């Protein structure tokens with residue numbers, strides 16, 4: 001029996017072996033012998049199997065053997081009918097327009113994305129309120145790169161409302177605002193616009209005077225020496241606490257030095273303090289060449305605000321009463337800021353590909369070295385590194401240029417602990433920090449999941465990995481503090497990788513990088529791996545090559561039969577989206593493809609077409625459903641939103 005083009009005969013018998021074997025000989029098709037390896041070439045052959053020839057079946061002489069032969073031939077014909085040939089695909093394509101299938105595939109992807117967004121909820125009370133501001137901001141934005149915009153720094157002592165003013169100026173809830181001191185510690189950047197001016201606003205931590213005692217510093221900054229510091233000696237804890245104020249002041253100093261305008265914020269309700277006087281003297285002594293604006297916050301009433309601001313004239317600056325919460329006086333503040341800023345013209349003819357910058361989120365449990373990796377990549381102390389658990393609060397964005405000139409946006413996030421542990425601690429700040437970390441994952445393209453080499457992979461690491469996979473983000477696993485592994489040899493990394501693959505089964509497709517961030521060893525491999533993952537996540541596979549891979553996978557392992565004798569058929573497949581790669585299969589009945597076979601198809605796509613480091617989604621569209629919708633005259637057919645990865649539920 002001759003094999004159809006693009007298919008392989010499953011059973012055949014040779015005339016030369018009929019005397020020794022009175023039955024058909026199975027001929028398994030090895031995937032290594034097919035032309036799947038030719039997918040990497042520019043012009044792979046589509047119908048390579050047409051050149052293969054198989055011997056014809058010869059009837060046996062005895063009547064019993066002849067009857068057995070005909071029965072086997074009928075079974076063979078039934079199995080060949082289950083494997084869709086290129087001719088059947090052409091007939092199916094002639095019945096239904098390919099353009100309609102492509103539109104339906106895109107609609108299926110959109111509906112799946114909406115369904116996932118509902119399930120992967122992130123608490124954000126200000127999201128709806130800020131949507132109108134964001135739309136207006138996008139409409140007026142000139143797509144000027146961040147590094148070309150002038151910068152405006154907000155400085156002041158702790159708990160005067162710097163983060164609230166930052167959120168007001170950038171028009172979104174970027175910084176954590178809690179009625180307690182010491183929440184902001186690192187520099188936080190955000191784009192702001194006012195009229196025809198656009199600039200960067202820098203939020204800083206509270207500047208604490210060095211004359212205070214360590215006990216007062218801990219109280220002002222709300223530093224805890226117990227949560228997450230069980231394994232750290234007491235002397236190390238005290239040393240870390242003593243260094244914290246200088247680290248925060250160092251970040252504030254860096255923000256002031258790179259800014260053109262400085263907003264010196266004070267508390268109008270608390271009145272003038274000694275700390276305000278010292279900060280004013282520090283600014284006047286070191287930055288007299290810059291524009292310094294004294295803003296008196298928490299002046300909700302315009303009449304009382306003038307009286308509250310009057311006592312700050314002694315600082316040597318003209319006080320301006322404002323309210324970051326209600327917005328009173330912020331318009332006058334922005335007018336004054338923009339009067340000291342020059343206009344910046346952005347480069348012309350910027351298309352979407354040129355302005356697209358991949359975002360890399362660095363996530364993991366507390367104290368695994370996320371901030372150390374960021375600092376090692378950018379080559380400066382961009383974020384505070386301390387053994388104190390929960391040092392990083394906000395999601396810190398930093399632009400970075402790779403060795404090949406590729407630009408990236410690095411997002412440093414707070415450590416993610418178990419939800420029960422966060423709830424039992426009663427810390428509102430930590431809950432908001434974890435919320436910012438999840439938002440960092442959502443707005444990223446690639447996630448670097450950092451784990452500590454000596455620490456065992458916990459259930460929380462698995463939960464974070466589950467979140468990454470459900471969000472559809474590219475991922476690489478960074479094993480940090482690799483130098484702490486004793487007695488390493490050539491097999492250590494191999495055994496360690498096997499353990500990681502076993503415990504993080506959801507990320508079996510993610511590459512693993514071993515690094516020591518403190519010493520700067522192999523940190524550059526994180527960017528190299530992230531760049532490769534982003535390219536794979538953005539890659540689009542040609543429809544002809546994709547259908548070739550699917551046909552070969554079907555020929556090697558057809559879908560299983562049901563008890564009623566039915567078997568699934570794949571008519572057409574297309575890649576409907578990228579980031580992540582999403583494939584839509586048009587089949588006779590999606591219920592005939594069990595979960596095990598869908599995982600097999602995903603495995604074949606990965607082994608034959610690549611897509612390493614990124615999750616892929618498989619959607620299955622039933623032909624019967626399409627025909628019923630056409631008969632009913634439905635305006636939009638309902639699609640089967642069952643991805644190949646399995647359940648859509650997510651646990652955080």
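Any Cβ shown, glycine's included, is placed from N, Cα and C.
Because the structure is a prediction, the values reported are computed rather than measured.
Matching 122-142, 143-163, 164-184 against TrEMBL, the residues noted as region 'Disordered' span 122-142.
Annotated range for region 'Disordered' in TrEMBL, selecting from 605-628, 629-652: 629-652. It is 1-24, from the ranges 1-24, 25-48, that TrEMBL records as region 'Disordered'. Mean pLDDT, taken over the domain 'EngA-type G' (150-345), works out to 83 on the 0 to 100 scale.
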